[in-house]
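Have a look at the structure below before the remarks.
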Amino acid sequence: TIALSLSSKTDKLALLALKKKLTNDVSESLPSWNESLHFCEWQGVTCGRRHMRVSVLHLKNQTLGGTLGPSLGNLTFLRVLILSNVDLHGEIPKQIGHLKRLQVLDLKKNNLQGGIPIELTNCTNIKVIDMWDNQLTGRVPSWFGSMMQLTKLLLDGNKLVDTIPPSLGNISSLQYITLAYITWKETYLIL
């Protein structure tokens, strides 16, 4: 019981720290995220019934305007992260690699910059990576080819360059991929 209570407190503190970054510490944003409600009742938060840990964070189509803070990595039971069209900027934190249960990562239609963090390879259960329409730079990582559960990879509308990594052809589960509007060198990919 004590361990469960401490784990729940970890999730609550992680969410509060995340709120500060997501909203640029604007107190009017995410008004339900306060002490009057249990964090599992906060807007966009779903907890697993068994452990009362955050399993889904679903905040889309809001004007939050902040960044993704490193405290995101403390939500270790998170399976679904949907922060699409919430006006995020900055880089994707490396701590995202701590989310080993993560299955869906949806960060589309934001203004995220920088490269795609290699720490995502630690998310071995990930099935959907949707990061289209951001400002991500660098290459499409060849290490995506090691993500054997991946069914959807959407990266179009970013500032990615170079060739399509042949390793993407190794992902037998991949059903849908979009890489349009990327500056390519001529390459061919056989899936």
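Each residue, glycine too, has its Cβ placed from N, Cα and C.
In TrEMBL this protein carries:
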DOMAIN    9-47  domain 'Leucine-rich repeat-containing N-terminal plant-type'
DOMAIN    56-186  domain 'Disease resistance R13L4/SHOC-2-like LRR'
Exercise for the section: With DSSP as the reference, give the number of residues of the domain 'Disease resistance R13L4/SHOC-2-like LRR' (56-186) in helix, strand and coil. Expected result: 25 helix, 36 strand, 70 coil
Practice task
Could you tell me how many residues in the domain 'Leucine-rich repeat-containing N-terminal plant-type' (9-47) are helical, how many are strand and how many are coil under DSSP?
Solution key: 17 helix, 3 strand, 19 coil
Problem - Confidence summary for the domain 'Disease resistance R13L4/SHOC-2-like LRR' (56-186), mean pLDDT rounded - result: 92
